[in-house]
Amino acid sequence: GLFVTDYFTRTPRKLSPFRSFASIELFHFHIPEDTVIAVWNLITFKEQGGTFGDQCPDRSITVYFRSGAPSVINPLHTHFPRDTAVPGSFALTLTWTLPNRTTGVFNVTSPLPGDWFLAAHLPKDEGKISVKGLYEECQYLFQPQLIVQRLVNIAVLYPGHVTEQSMAPHNRSCLYKVFVPSYTSRVLVEVLRCRGAEGCPLWLRVRAKAPPLHNSTTLDCREHTPCQLAQDLPFWQHWYYVLVEKHPGVPGTISFQVTVQLTDCSRPSLARPPFLPSSASMNMPHSFGSVGGLALGDSPPPTSPNDTKHPVPIPVNLHTEERCWPVRPTLRNELDTFSVHFYIFFGPNVSVPPDRPAVFVINLLPVLDSGGVLNLELRLNVSSLCGENVTVFGCLNHGVPLTSGDNTSVTCETESLAGFLLSVNATASLSRLRIPYPQTGSWYLSLRSLCATEHGFEPCTNVTAEVYLRAYLSPCINDCGIYGQCKLLRTNNYLYAACECKAGWNGWGCTDNAEAFSYGFQLLSTLLLCLSNVMFVPPVAIAVRSHYLLEAAVYIFTMFFSTFYHACDQPGIVVFCIMEYDVLQFCDFLGSLMSVWVTVIAMARLQPIVKQASVLYLLGAMLLSMALQMDRHGLWNLLGPSLFALGIMAVAWTARTIRRRHCYPPTWKRWAFYLCPGALIAAAAVLLYAFVETEENYFYIHSIWHLLIAGSVGFLLPPRAKPSRRLGPLPRRKGCGYQLCVNEQEELGLVDPAVASINSICTS
């Protein structure tokens, strides 16, 4: 056959340590139909400061694969919420083969067509809070690439038609496909008139949605006569692939015939009509392959007028008990993203008769609905049971309803079909089911009522149970509860939702309280972070006493907004917000930086040097507001204005030192008891904030930060300036006179008018 190779790649993304599904990186791929092999090339490399991160530590990278929807992962082994079904997925761990680069390969033979999702993350870290821009962070970048190889022009089998095929000695297999429409209860594939070798040395394999594998449903035609392979309860609206494979070591050419018979369960006594229908009449896709056989590695044979592709009647043993009941549709009502309700016509109360099941279909749209949670709720009306011991069973299956003729069966699984079981009775009248990240397509719910007896469950007589049915799609499970936040995430054009837990809670729905903070602990952490701001009261008192009213106002502003910001920033339930969180955060950051700015400007004592020193206060407020708006967590956006203020102070102190010819401030007591302790306290606060603070110790380390910063302000704020007693200008006499100009008042003493220098002499 003819193979076509397709190549797909994605942009490298930075991986994060795993905390919840909101911290993973999700990649979306689409595998076309008729794909025989898919190869993912997983490239990972390190970066640090824009260069290769050879010095970065090796951290393992876990990658998850799933078809149809994102993987539901649980690397921390937390507990899922009750009534939650967890679908499986593939997992792969990448190890480093080079100092700064590694590559992994993941092969899938005959993958299912449609959407595939890859999720990748780093291991959980210790939760250190790092200051952005303080040092070059190690980045781990992950880039998946997909190479698929697919067959074109696969032969299509039409129900009721015989297709002849000859398999040359150098060919080992022939591949076909047949489309199975809705309301099909059985697919029967048969190999006829096998010639060219003794005993028909062929294997017959059948698989839904993708070409068969070695572990697919297989039949050895040498051991079974006739060579018939049946698939009960096939998936509706999907392709079924038929592989006829020759035994190894068989010489010569083998010729045979292949036919497919579909049983229409809505008409159990009839099979599909044995004539070639149109695509629309069979509900088939219009993109058809070629009619006839195609051997792998061979080109399509030419069609001759004598080729037997005409209808041939085939006797089929139909089971009269194979029936499918009418499927009731649901009305889709979209309220918001991942907020969809499925309403039942003439519902939501459903009557379940004793002699037949009630079947409903829920259609999930491709891509749009797979990023949420499918919720199903059954509530039994006990008063409708008339005192009978009735149990209503519900089977939720994907692709096809499970309506077997065995009424006593209470399972929702077959050899090729897996489903979810729900049950309600007089004792337990409520049952729920949650499926995170469900596969898209048609989900079928079959409800049937059975009566419990001493010998098990038996069909009920003259009892029609009434059930309240509710089906809906939600972004997260129970909106992540009170200890979580449901986040809407996006990767390229794909949307999905995930919970981000807080206050030590974990799990898919933030319901695992193994490491949860108690109420007392939450209250203690909130009080520590809020009440530690009371330490700003002494600096306010010192500033008011020293007539630094502007500085006192800034300290009061900082104390107020820092207190209420931390009261609103708590992860648990001890939260109090007086305004929007973003406003509180901006005011807290602005107040903290303005406190540093006005304190340093006050220490510079610019008023005797610069006439309009108040301009610097306004300039600082504008610069800090701009820096916070650009990046509130950037190091240099916040450190730059502070260094600028320190530079102004250094220039002012240097100018005084040069003019006085001795160090400024001149007294050793000022250095020993105020400046040095204040600088050491401030440096200790910065070191704690930058290198010690983590998520676990945040509440008390940050409280110590408040105490130290406020304490350092009390030490560093300069004392009250002595009042200036300048000499006014002497009254001018008429005629010749003198004008005395006195030098500026020095800070530590007054200038004696007797020794004032005469700067200018003017005559009248």
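Just so it is clear, glycine is given a Cβ too, placed from its N, Cα and C backbone atoms.
TrEMBL annotations: computationally assigned, not manually curated.
Same-chain neighbours of the domain 'EGF-like' (499-510): 19-22, 72, 74, 76, 78-81, 84, 436, 476-478, 480-481, 483-487, 516-517, 522, 571-573, counting only residues six or more beyond its ends whose CB sits under 8 Å from a CB of the stretch. Residues annotated as domain 'EGF-like' in TrEMBL: 499-510.
With a cut-off of 8 Å between Cβ atoms, the residues of this chain six or more beyond the transmembrane segment (516-536) that come close are 483, 503-505, 555-556, 558-559, 562-564, 566-567, 570-575, 699-700, 702-704, 706-707, 710-711, 713. Per TrEMBL, the feature transmembrane segment maps to 516-536 (among others).
Per TrEMBL, transmembrane segment is recorded for 548-567 (among others).
Outside the transmembrane segment (573-597), and at least 6 residues removed from its termini, the chain residues within Cβ reach (under 8 Å) are 482-483, 503, 519, 522-523, 526, 554-555, 557-562, 564-567, 617, 620-621, 624-625, 627-628, 632, 638, 641-642, 645, 709, 713. Taken from TrEMBL, the feature transmembrane segment applies to 573-597 (among others).
Per TrEMBL, transmembrane segment is recorded for 609-628 (among others).
Per TrEMBL, the feature transmembrane segment maps to 634-655 (among others).
The transmembrane segment annotation in TrEMBL covers 671-692 (among others).
If you look at the transmembrane segment (698-717), the same-chain residues 6 or more away from its ends with a CB under 8 A from one of its CBs are 129, 524-525, 528-529, 532-533, 535-536, 538-539, 542-543, 546, 548, 551, 555, 562, 566, 592, 595, 599, 602-603, 674-675, 677-679, 681-682, 684-685, 688-689, 692. If you look up TrEMBL, you'll see 698-717 (among others) marked as transmembrane segment.
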Within the predicted model, mean pLDDT of the domain 'EGF-like' (499-510): 91
